[in-house]
Amino acid sequence: MEAHQFIKAHGITTAIEQAALAAANSALANAVVVRPFLSHQQIEILINLMQPRQLVFRPEVFWNHPIQRVIHNELELYCRARSGRCLEIGAHPRSINDNPNVVHRCFLLPVGRDVQRWYTAPTRGPAANCRRSALRGLPAVDRTYCLDGFSGCNFPAETGIALYSLHDMSPSDVAEAMFRHGMTRLYAALHLPPEVLLPPGTYRTASYLLIHDGRRVVVTYEGDTSAGYNHDVSNLRSWIRTTKVTGDHPLVIERVRAIGCHFVLLLTAAPEPSPMPYVPYPRSTEVYVRSIFGPGGTPSLFPTSCSTKSTFHAVPAHIWDRLMLFGATLDDQAFCCSRLMTYLRGISYKVTVGTLVANEGWNASEDALTAVITAAYLTICHQRYLRTQAISKGMRRLEREHAQKFITPLYSWLFEKSGRDYIPGRQLEFYAQCRRWLSAGFHLDPRVLVFDESAPCRCRTAIRKALSKFCCFMKWLGQECTCFLQPAEGVVGDQGHDNEAYEGSDVDPAESAISDISGSYVVPGTALQPLYQALDLPAEIVARAGRLTATVKVSQVDGRIDCETLLGNKTFRTSFVDGAVLEANGPERYNLSFDASQSTMAAGPFSLTYAASAAGLEVRYVAAGLDHRAVFAPGVSPRSAPGEVTAFCSALYRFNREAQRHSLTGNLWFHPEGLIGLFAPFSPGHVWESANPFCGESTLYTRTWSEVDAVSSPARPDLGLMSEPSIPSRAATPTLAVLLPPPAPDPPPPPSAPALDEPASGATAGAPAITHQTARHRRLLFTYPDGSKVFAGSLFESTCTWLVNASNVDHRPGGGLCHAFYQRYPASFDAASFVMRDGAAAYTLTPRPIIHAVAPDYRLEHNPKRLEAAYRETCSRLGTAAYSLLGTGIYQVPIGPSFDAWERNHRPGDELYLPELAARWFEANRPTRPTLTITEDVARTANLAIELDSATDVGRACAGCRVTPGVVQYQFTAGVPGSGKSRSITQADVDVVVVPTRELRNAWRRRGFAAFNPHTAARVTQGRRVVIDEAPSLPPHLLLLHMQRAATVHLLGDPNQIPAIDFEHAGLVPAIRPDLGPTSWWHVTHRCPADVCELIRGAYPMIQTTSRVLRSLFWGEPAVGQKLVFTQAAKAANPGSVTVHEAQGATYTETTIIATADARGLIQSSRAHAIVALTRHTEKFVIIDAPGLLREVGISDAIVNNFFLAGGEIGHQRPSVIPRGNPDANVDTLAAFPPSCQISAFHQLAEELGHRPVPVAAVLPPCPELEQGLLYLPQGLTACDSVVTFELTDIVHCRMAAPNQRKAVLSTLVGRYGRRTKLYNASHSDVRDSLARFIPAIGPVQVTTCELYELVEAMVEKGQDGSAVLELDLCNRDVSRITFFQKDCNKFTTGETIAHGKVGQGISAWSKTFCALFGPWFRAIEKAILALLPQGVFYGDAFDDTVFSAAVAAAKASMVFENDFSEFDSTQNNFSLGLECAIMEECGMPQWLIRLYHLIRSAWILQAPKESLRGFWKKHSGEPGTLLWNTVWNMAVITHCYDFRDFQVAAFKGDDSIVLCSEYRQSPGAAVLIAGCGLKLKVDFRPIGLYAGVVVAPGLGALPDVVRFAGRLTEKNWGPGPERAEQLRLAVSDFLRKLTNVAQMCVDVVSRVYGVSPGLVHNLIGMLQAVADGKAHFTESVKPVLDLTNSILCRVE
C-alpha cells in the first residue's frame, strides 16, 4: 500500500492511526527497492503493477529495460528462494557467479544478442569457463554446465528454474525435457501478454507496445532504450491456455505468482493431472474491442466471404464500462450515435482538480475511436433489443402464469423448485451465441477469461495425426484453425506464387569430366624466388617467403579448383573459377581468366599453365618477361614457425597498403596464399579461417590474438551437382568481411540432356537434391553511374556474389520468391548455418551466398522505415548482390516505394531484377539523368559569344558552330580537390576529353587520351562520347556547344573552385553560365594533407583525406617547388610561376604561393582562388604573404603555430556539443494559462516581493579603499547623470548598477580586484584527494585538431577571424593585454534593488592569442573531466536538461543543500591557482605552458577603457577556462568542507552548486581551508532549492524559475529599435517552451520556494504568454543616477 501520508503523522490518538502506522512500517520494512532511474510514467506503471507491494525508489543505475528488470528481479528472488539446489535453464551470464546453489546450467550456443551478453559476462569464477566455451564453441570443461540446451541435456536434477528462457518451447516439449532430467518441479518465469490471443495487429497499452504479426510478437515497454521481447505466438498461446500436460509425461502447471502479465509457473510432474482452471488477467486495465472491418476496410466478421482476420483495439476498461453504463441507461428517445460520440469525447479528456484525477482520459487513434463507437452502438442496440424482448415476453409469461388455476402453481412449487438445478433469477437463452455473430458482442474482456486446457505429450503420435487431419479438414471448410500443430515450414502452395520471379525447377544435365589434379602438394617459398623478383617485391618479403613452406590441398570439381593452404598456424582458402574478381590495391580491376580444359590462368600481365606430371604438379609462370617453371611434389610439409608466418603476413600487408596509397594504377593485392601457393600470384575468393572464431581478417597481420599451433580447419561440404559454385560453410569473420567470388554463369543446356536420377558421387544431404539450369532471358533496362543495373527477368540468372531472398520474419520456407529459393537451395533455410544477422536479415553461405531479407507486411501496416531497413540490412557484405523488389508479392508493398528504397540502399555494382509488371512500371517511370534546358535567349547569347571567339586566332576552330535551343542530358561527377575524378575515367569509356588549360591537356595525353582544349575540340566532339574536365571553369558558350554536340557527356569538376572568367568583360559569360547540379559527390581526397582539409572544411564539410602528411603549411620559408601567383603581373615578376587559374586541376609535390598587393580585390571577391591555391600540393606548401591578404580570408599562421607549439596533435575526439531537443507537448498544461495583463502581473510581483518605484535608475556607492595593487585614473570623471530606457515596468527587481559611469567602473575595479588577497600556503594533496570523489585521477590528455576546430568555430560564430591571434611574443603588449568591462547584466534579488551599497560586477577578456593558446587544452581537459564524472554528478551545461530533471525527480526523499559564494572571484588566491596548475600537470600540459598560466594569473593589469589596475591573484571572469576552473574549485571546496549522507545528485556550475542528500555536516578539515583562503560561504538546507535559473524540487524535477525570469526582464532596456523587442519575444517563447508540460507544477513549486501566492506565478505565466504573442507594452523613462561617491584619494606607492 502507499502509506507515505501516515509516516510523519504527529501524535497517534486513535486505533486507526496506530494500525496505519504499523501498516506503513511493515510495508517499508518489506518494500521492494527500485534502483534504476525512472520517468514519472514508468514509476506509475511500476506502482500499479507491483501492488500491493510497497516500493522504495533509490535511483543509482541506468537500465535499458527498467520495468521488466525490476519485475524480473522480484520473480527471480521468489523462484530461487523456493528451488534450493537446482538446475537452471538459460541463465543470464552475469548471474552465474552470484548463485552457487545451481548445480548445473543448460545453455545453447550463442547467436545474435546472446553473443553480446556473453561478452559482458564476468571473466572470473564459474562464469569464465562458461563464457570461454560459449564464445569459442568449445565443449564444456566440467559438469556444471552444458551447451546442449534443456532438450538435449540429461543431467539429473529434481528441481529446476527457468527465468524467461522457455518462450521458444511448448509445454509438451518442456514435459519431455523434464522427464529426461528426472525433474519433478520446475519454476518458470514467463512473459505472457494477453494480446497474443488476438489476431495480428499493433496493440498499445499503458505499459507496453505489442506488435503481433501472426507468428512472432515483439513487446517493448515504456521507456526502453533497446529492443524488447520477441517470442513465438503459438508457444505463448500454449502457455496461457495450458494447465496440464497429458500422455506419457504428465504435468500440472500452476500459476503461483503474477506481476502484470509476468507469471511464475510451477510445473509439477503428477501421474494424474486434475483440472486446474484459472483466470490469468483479473486486474487487466484494457478491454479489446473488435472492429467490424479489418485492414483496408474489408469486412472481417464473415469467414465465408473473406478470410481476413478481425482487427482489435486496446481500450481502457474504465472507458468501455462508462460508455456501456451511459448508453444502456439512456432514455429510448435520447439514445443515438451522436450522443454516444459526444459522451466518448468527454470522457476521453483527462481532467485534474488539484491533486485529484477526476477523469483519467484516453489518447486514442482515429481507427480505435471509430471501432469503439461502432462496437458500443451495436452492442447497446443488441442489449436494448434483448431488454425489449425480455420485457415483452416476460409480461406475456406473467399473464399466462397468473391465469393458471391453483393446481399448476402448487405442482411447480413442490417439484420444480426442489430440483438441484434451480437457480433463482436464472434467465432463458433467447439466442444461441456464435462467436462470429454480431449478437455475440464486439469486445474481449481479459478480466473474465478462464483457461483449463490440456496439451498432449509429443510422443502421442496417434493423437497428433488425428488432430492434424481434423485441422486440415477445418481449413478445407474455410474455417480458422487454432491448432498448435502448424507446420514448421509455413504455408506453401499455389496461393503463394504471386511473384513473377517464381520459376520451375529443372534438372541440370551432366557435364563432361575434366582432368583432375586433386591432391596435396608441398610448396616451398624458395621455388618461387624468381617470380617474387619479377613481381618487384621488397627484399624483406622475398627473404621471409624463402624461409616458409606451405601445404596446399587441391580439390577440382566441375571446372573449378578449390585450394586449402596450410601455412604455419594459419589456414587459407581460395576458389578458382572463370571470371572471378581479384582484389586489387588500386583503381584498376582484375578478373581471372581460367580455362580448366586448357589448364591456363591469366589476369592482367600475369599468366600461368599447369599440368600433372610424375614428379608432382608442374606450373609455368609468365610475368614481366619472366618464364619460370616449378614442380611441386605431392605430400605434406613440416609446419613453419608461427612467428615467422605472422611476420611475413605483417610485412606483406604493409607492402600492399603502401602500394595502395601511392600507386596511381595499382596492382594485385597479394595475399599470403597467393605468393606461397601453387597458382601464384592469384588468390581469388581469399578466405582466412582462424582458429579463433572471433578473430577476423583485420587481425591476420597482427599479433593481437594468441597463436595456436594446432589449427583445426572446419569441415568443407562435399560438392554436389549444382550450378552455383560451393562456398566454405563457415565465414571468415563475424562481419563477413570476405571477398567471395561471383558464381559461375550457367551454361546453356544441350539439346538433349539425359536426366539425372541421382546425384553425382560425393554429393551429400547438404547439397540441393534438385538443381537447375536456365538459359538467360534477362533484359537490361537501366545502368546507374555507380555500375548498378536494373534488369527485367529472373533473379536466378544473375552472376552476382549474393542473391537476396524476400523472406519472412522467421526465415522459413514460404510462398512466392521464397518458395522458389526453397526449391533451389533448401539448405539455405537452416538457421544453424546462418553466419551473421543484421537486424531482421540473415546471411548464409550454404550452399551459396544468400541474404534472407525481411520486408514489412503492408497488409497489416504501412511501414516505410522498416522497408528502408530491409534493404539497408543487406549491405553488410563484400561483393555484389542481386535483388528482387522486396515485399511487392505476398506482402503487397507498392512497387514505387520498394524501388525507391532499393535506390537509396544498395551498393555499387548491385543488380535489381523486375518481373514484367514491375518492368512496365519502371519503363513508364524510368529515372533520367539531369537535364540542362537551353532557351532561345541563352542560345542567342552563346552564339554571339562563339562569333566573337571565332574572330580570334585561338577560336578559329569554332567558326560556323552554333548552339540551338533544346534539352541536354548530362552526368556531372563533382568532388573535393584531389578526389580522383579524372583517374576514374578509363579509355574504354570516352572518345574525346575537353580540358580548359594546356597543363591539363598534356596530363591527359600522357595517359593515352585524346585531349583537346575547348576551342579545337569543336572539330571532334560531334557524336562522340565526351568527358569535360574542370567543366565549371570552361567558357559557358563552349561548354554548351560541346554538351549539345556530344553523344554522351560526362562533366568533371568542383563547383567551389574558380568558375569561367569573363576576360573580355563583355558581360556574356555570367549571362549564360549554366546551373549544373552534380549527380554524385566524392568526399575523399588523395592529395590534400590534413591541415589543408581543416582549412577548407567550411567549403567542403564532409571532406576526408588518405594523405599521411599532417602539416604542410609553412609561412616565411624560402620558395620551393612550383610557384603560384594570382595575377598576370605577378606572373611576369616571378619567372617560372603560373597563375592559380592556370594551375586548376594540376597536382604538384611542393608549391609556393606568392600573394601580391594587386591581388587583394581578387582574393576578397573570389575565395575560390585561395581554395585552388591551397589544394595543389601533396607534401609542402610555403606561403609568402607580405601584404597579409590570406589572413584577411581566415588563413592565419599564428593559430596553427601556437596550436602545435602548445603540444597539439592531428586527430579526432568526441565533440563537446551536447544534443538537446525541445520537449514534446505530451501533457501541455501550458495551454490552460491564457494571456494576462502585463501591468497587473508586474504590479502583483512588486507587491509580493516588497519592491516599490524609485525616482533614480541606480546609486553610485562610495568607492572602497584600494588595499593592494596600483590604480591608474583618468583625467576627468565626468559622465552622463541620467539613463534613458524602454522598460516593461517602472519597478525593477534586480540589484541595479550604472555600467556606463566612470566612477562605477572605478568602484568595481577597486571593490572587486583591489581588495587584499588572503594567501594560503599549504599542500594541495588533501584537497585533491577530496576532489577525487567527483573528479578521479585524470591522466594524460590528448589535445587534437578537434578542439582547435571547435575554438575556431566559436570565434567565427562571434564574427571574429584569425587576425587578432598573434605570434607568441611576450614582449608584445597586444599578446598579453587583459581588457576589463563593466557588466550591464544585473542580478535578480528579492532584497533591496537600489540602495544596496554594493559595487558592480566586472568581466575581463584575455587576448585572442592567449585564448587560442590555452583554449584547446582547457576544452580537452573539460572533456576528460566529463568522461570521469560519477553517476548523479552534473557539470556546467554539459548535459541535457531532461536528464538532470529526471535525476532530481528520482531523488524523492532528499533535501536540497545550496551554497552561495560571496565574492567568489575575489577570494581566489595562490592556493586555488596552485590546484588548477596541479590538475594541468596531471593532464600532461607542458610545463612551460603551466608556468606561463601561473605567471599571467599571479600578476596582471586590467585595462579598462580609461582606467587600469595592476593587481595580483584573484580570478577574472572572462579568461579562457573560467567555467572549467571555477567549477573545479567549487567542487573542491564543497567536497572538502562538507560530508553528505544519502548522496543522490550534485550539480556544479561556476560558483553555483546544489547537492541532494538527506543531511550534511561540516568536515573536520573545513575550518582550516575556509579560514586560510578567506572563503565566504552561505549555506542553505531546505526541501526546495534554486540552481542556475531553475527550481530544484526532489521528486518532481528541475522546473523553470518563472519569478526570476520575469524579474530579470524588468531591468533590461528593450529599445529603442524593434530588434530588441523581437529578441524579447524570442527569449520569452524559448522560456515558455520549457513550461509546456510542467506549467501547473511550476505554479505550486515556484510559489512555495519564493513564499509568494500561486496566483502570482499564474499571472506571470499569462503575462509571458502575452509577450510571446507580440503584445508587450514598453514605457520610455528618464531616470537620474544618484552619486554618493566622495573624492577618490590617490595613493602613491
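Every residue gets a Cβ built from N, Cα and C, even glycine.
The Zn(2+) binding site annotation in Swiss-Prot covers His671, Glu673, His686 and rests on similarity to another entry. Annotation note: His671 (Zn(2+) binding site) sits in a coil segment as assigned by DSSP. Here His671 (Zn(2+) binding site) comes close to Phe572, Glu583, Leu652, Ser683, His686: these same-chain residues lie at least six apart in sequence, with C-beta atoms under 8 angstroms from its C-beta.
The ATP binding site annotation in Swiss-Prot covers Gly975, Val976, Pro977, Gly978, Ser979, Gly980, Lys981, Ser982 and is backed by sequence analysis. Under DSSP, Pro977 (ATP binding site) is assigned to coil, being neither helix nor strand in the three-state scheme.
The feature disulfide bond is assigned by Swiss-Prot to Cys434-Cys481, with similarity to another entry given as support.
Residues belonging to the domain 'Alphavirus-like MT' (56-240) score a mean pLDDT of 89 in the model. Swiss-Prot lists 56-240 with the feature domain 'Alphavirus-like MT'.
Under the heading domain 'Macro', Swiss-Prot lists 775-921, citing sequence analysis as support.
The feature domain '(+)RNA virus helicase ATP-binding' is assigned by Swiss-Prot to 934-1082.
Look at Swiss-Prot and you will find 1083-1216 tagged as domain '(+)RNA virus helicase C-terminal'.
Marked as domain 'RdRp catalytic' by Swiss-Prot: 1454-1565.
For 60-240, the entry in Swiss-Prot reads region 'Methyltransferase'.
Look at Swiss-Prot and you will find 241-439 tagged as region 'Y-domain', backed by similarity to another entry.
Look at Swiss-Prot and you will find 442-509 tagged as region 'Putative protease', backed by similarity to another entry.
Annotated region 'Zinc-binding' per Swiss-Prot: 510-691, in sequence order, evidence recorded as similarity to another entry.
Per Swiss-Prot, the feature region 'Hinge' maps to 712-778; the stated evidence is similarity to another entry.
Residues annotated as region 'Disordered' in Swiss-Prot: 737-769.
Summarising the annotation, Swiss-Prot assigns region 'X-domain' to 785-942.
The region 'NTPase/helicase' annotation in Swiss-Prot covers 960-1204.
As a quick check, the region 'X-domain' (785-942) and the region 'RNA-directed RNA polymerase' (1207-1693) miss the bar of 3 or more Cβ pairs under 8 A, pairs 6 or more apart, so the two do not touch. Take the binding-site residues Ser979, Ser982: by the count of other Cβ atoms within 10 Å of each Cβ, the lowest one is Ser982. DSSP gives His686 (Zn(2+) binding site) a coil state; it is part of no helix or strand. Neighbouring residues of the recorded ATP site, listed in sequence order and excluding Gly975, Val976, Pro977, Gly978, Ser979, Gly980, Lys981, Ser982, comprise Asp1054, Trp1082, Thr1085, His1086, Arg1087 (Cβ within 8 Å of the Cβ centroid). Other than His671, Glu673, His686, the residues of this chain whose Cβ falls within 8 Å of the Cβ centroid of the Zn(2+) site are, in sequence order, Thr565, Phe572, Thr574, Pro672, Gly674, Gly677, Ser683, Val687, Trp688. For the domain '(+)RNA virus helicase ATP-binding' (934-1082), DSSP puts the residue distribution at 52 helix, 28 strand, 69 coil. Minimal Cβ crowding within 10 Å, among the binding-site residues Gly975, Pro977, Gly978, Gly980, is found at Gly980. Note: the CA-CA distance between Gly975 (ATP binding site) and Glu673 (Zn(2+) binding site) rounds to 37 Å. All chains included, 23 other C-beta atoms sit within 10 angstroms of the C-beta of Lys981 (ATP binding site).
Each residue in the domain 'RdRp catalytic' (1454-1565) gets a DSSP state, and the totals come to 41 helix, 36 strand, 35 coil.
By neighbour count, meaning other C-beta atoms within 10 Å, the densest spot among the binding-site residues Glu673, His686 is Glu673.
For the pair formed by Glu673 (Zn(2+) binding site) and Gly980 (ATP binding site), distance between Cα atoms is given as 31 Å, rounded to the nearest Å. Within the same chain, residues at least six positions away from Val976 (ATP binding site) with a Cβ under 8 Å of its Cβ are Asp1054, Trp1082, His1083, Val1084, Thr1085, Cys1088, Tyr1100, Ile1103.
Residue counts for the domain 'Macro' (775-921) under DSSP, helix first, then strand, then coil, are 43 helix, 36 strand, 68 coil.
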